[in-house]
Amino acid sequence: MAKDIKFSEEARRSMLRGVDTLANAVKVTLGPKGRNVVLEKKFGSPLITNDGVTIAKEIELEDAFENMGAKLVAEVASKTNDVAGDGTTTATVLAQAMIREGLKNVTAGANPMGLRKGIEKAVTAAIEELKTISKPIEGKSSIAQVAAISAADEEVGQLIAEAMERVGNDGVITLEESKGFTTELDVVEGMQFDRGYASPYMITDSDKMEAVLDNPYILITDKKISNIQEILPVLEQVVQQGKPLLIIAEDVEGEALATLVVNKLRGTFNVVAVKAPGFGDRRKAMLEDIAILTGGEVITEELGRDLKSATVESLGRAGKVVVTKENTTVVEGVGSTEQIEARIGQIRAQLEETTSEFDREKLQERLAKLAGGVPVIKVGAATETELKERKLRIEDALNSTRAAVEEGIVAGGGTSLMNVYTKVASIVAEGDEATGINIVLRALEEPVRQIAINAGLEGSVVVERLKGEKVGVGFNAATGEWVNMLESGIVDPAKVTRSALQNAASVAAMFLTTEAVVADKPEPNAPAMPDMGGMGMGGMGGMM
């Protein structure tokens, strides 16, 4: 396919138009008085959001060169989201400011490589200063403040703080859609996995449509059970003990399932069968987790064990098991604390080594289930559109809170970026390097300026006053007052601010050193189909 190539000034100008289009759509959402953006969806209702990365990912421009510029800035938002989980709008605003300011200087004759060095020096100094002024997060109230600022909702802040108090800082907190209008916190005690009963005839409570087993034995295997003879020896031993039985297997089907159901209905014994959770290697790991939690063994041919040789000693035990149509919850497993702790340590080690985001998520889930108790924030809203928007905000707030726990907090509302201004301005440099430092200084003002503009105020006035204020004092755009940001609970995670600045500078430096841009030439439109209107059908009468 033929290519279009643009060079130097023309190339950068084309890409800048794309940068501005995307950044202008994203930056209207910044701050407590930021607006929303409506995104069209091919199916279902449109999505209304103020989440920077969600907006950035949706934007696709017709002009190939402009689109490349837009995609570069979308990359800033996406990378910041991956690392810190929030701060995507701030990152976009910083990137746009650095690119615009840098481009003016390149046009005026500055050397892009010199500018790049200056930008890198300035950002390194700013990040060092951010580390110095950040404060460790302490107590439930600080966590609630960080979450409330990110979600723009105090109630959500309290829910997240409560959830984190229960599971610790690196515990798993899941989000689910509620069937009601309210958002609430629900804690699932014990280990829960998403597999329900193999047959509805196994339920013990017909009102709640669930099976409840008290002090059951638990048979754990990765085999498919289709012949009752395979498990008959262990079944007889369990019946003699007079205890219910939970069977976790790859599948229970055919004659085996029919026999279990018939005996359950006759009252011969109380048994519930469920499929094993997960797939492949993850299934094996989860079965091993359940075995360790309940003090049982996984009966698998890999270890030379078969079902016929299983005894009650190889079965797990738990205080209670609740099985619904969709979930199984094992409460009060009797596994040894030492073995559970060792397993948790093993999963933590895997977490540190993994590079896959999906694997990390699954390992964290396993960790939380073993530790016992998974908080679920059930998000409620009046409409589906509002529900999607709330869910995105709460997701951001969760990520933001975790980031705050990792690297501490700094003054929010763009104030911390202005607090490092003096440190960056004091760097000694000459020529284009000094110009690069000035580009970063100009960009550091931009988030505060944009927050003030979104609140209907004159941005430059707020920026100039902030330069003369003490560290930590800033402008509360929600009330229009000048306050101590940390004391007022207007805080940002240091990790979010750091990531936004680093990623914005990285893309801006790449942009300014671009000298040629190559894109596919648009394909000519296919010729229209000829008009068929004149073709009569009279000559086809003989075919009737």
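Easy rule for this one: first residue shown is 1, then count along the chain.
For all residues, glycine too, the Cβ spot is worked out from N, Cα and C.
Feature annotations, reproduced from Swiss-Prot:
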- THR29, LEU30, GLY31, PRO32, ASP86, GLY87, THR88, THR89, THR90, GLY413, ASN476, ALA477, ALA478, ASP492: ATP binding site (BINDING)
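Classification of ASN476 (ATP binding site) by DSSP places it within a strand. Classification of THR29 (ATP binding site) by DSSP places it in coil, neither helical nor stranded. Within the set of binding-site residues (THR29, GLY31), the lowest number of other Cβ atoms found within 10 Å of a Cβ is recorded at THR29. Here the binding-site residues are THR88, ASN476, and the one ringed by the most other CB atoms within 10 angstroms is THR88.
Overall, the recorded ATP-binding residues THR29, LEU30, GLY31, PRO32, ASP86, GLY87, THR88, THR89, THR90, GLY413, ASN476, ALA477, ALA478, ASP492 cover a maximum inter-Cα distance of 20 Å. DSSP assigns THR90 (ATP binding site) to a helix. Sorted by the number of other CB atoms within 10 A, the binding-site residues ASP86, THR90, ALA478 start with ALA478, the lowest.
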